[in-house]
Amino acid sequence: VGINVKCKHSGQCLKPCKDAGMRFGKCMNGKCDCTPK
């Protein structure tokens, strides 16, 4: 699930994905992509 959070590497997406109610995420094309629960 893509969210509108810019990133350079996947570690930057852990907190935004948690805040969005999802488990974890990776950085894809400069934006965070989260895994739903």
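The backbone N, Cα and C atoms fix where each Cβ goes, glycine too.
When Swiss-Prot is consulted, the disulfide partner of Cys34, picked from Cys13, Cys17, turns out to be Cys17. Less than 8 angstroms from the CB of Cys17 (disulfide bond) sit Ile3, Arg23, Phe24, Gly25, Cys32, Cys34, Thr35, each of them six or more residues away in the same chain. Within 10 Å of Cys13 (disulfide bond), as judged by C-alpha distances, the recorded positions found are Cys7, Cys27; the full candidate list was Cys7, Cys27, Lys37.
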